[in-house]
């Protein structure tokens, strides 16, 4: 029970118990129900927003208590049980992909500004960060964290139950996919991930320039009269385009080795986690934002406020595939089980400096541009 591999399961159990107790409190009439009807400027875009407490709270309580039992079983069991896998993955998917809204991806993009606002105050009519980080939104962050814990705990159990390495997921006698095949998958996924957000980028830039693409002229004037609204849309569009450039790095040589214009690291391997960790986080956060827009109606024939954002779900899925292919193509031999090729042997930035020579050529993966 004290193994480091068990902490996600323990954390998922604690998280589930906490929400079960909160659900019981709300079921009994306590304050703070995070989906209660509130003013429009305090609402979230969650699918449960405005749901009745006498329906949601009992479900949260029962599901949370079941979660405690299942989380303990995930830690202790060494055999594969479909019911445990189904509960774990369904819980992870609901908490990370179904219940959240666009706020999480917005929070990620605006995180640097929020740090500044914590010291300088929020510009405009808002009265501090409490006007941005209110309970209905903070609850969605907590739900997302719980979903991540459940995903990690279930993945560890799934690997252990099938006799695979808990660290890397490789099984005995199973060979890694060829780098060439993974690169082909990655290129197609990158293409989709770059194209999918283009309608959003084009419409927001058009609005900023004064062209009412997909909206009425009155709606555009309303946005022009609202301080910062068009600028924020432009900022998200620019961030999306910059993300497209970084996404291309998943199949480009400069995504594997630092290019010459980063002179202090030129030619050294890019750490795998530097691309995989933020890429995975963005991919997961984009999907619920796209699904939220899928639920929103098109009013008065104005398709541009919501329709382009539906493609964020496609963007997130494609980005996830691209990141996965990048990771599988570059991952080194596992330090725990010793399985895998030596493809990642040169991924340690100091490996050449220590040896004074080039890494062994056997099994090495060449940069994408040289294939």
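A Cβ is built for glycine as well, from the same backbone N, Cα and C atoms used for every other residue.
TrEMBL: automatically predicted annotations, no manual curation.
What TrEMBL says about this protein:
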TRANSMEM  7-28  transmembrane segment
TRANSMEM  55-75  transmembrane segment
TRANSMEM  87-120  transmembrane segment
TRANSMEM  140-157  transmembrane segment
TRANSMEM  188-209  transmembrane segment
TRANSMEM  229-251  transmembrane segment
TRANSMEM  272-290  transmembrane segment
TRANSMEM  310-328  transmembrane segment
REGION    336-371  region 'Disordered'
COMPBIAS  345-355  compositional bias 'Basic and acidic residues'
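Through the fold, the transmembrane segment (55-75) approaches residues 1, 6, 9-10, 12-13, 15-24, 26-27, 33, 35, 48, 81, 84, 87-88, 91, 150, 153-154, 156-157 of its own chain, all at least 6 residues removed from its boundaries and within a Cβ separation under 8 Å.
Among the recorded stretches 87-120, 140-157, 188-209, 229-251, 272-290, the one sharing the largest number of Cβ pairs closer than 8 Å with the transmembrane segment (7-28) is 140-157. Of the candidate ranges 140-157, 188-209, 229-251, 229-251 contributes the most Cβ pairs within a distance under 8 Å of the transmembrane segment (272-290). Same-chain residues lying 6+ beyond the ends of the transmembrane segment (140-157) with a Cβ under 8 Å from its Cβ atoms: 5, 8-9, 11-12, 15-16, 19, 44, 46, 67, 71, 74-75, 77, 84-85, 88-89, 91-97, 99-101, 103-104, 107, 166, 169.
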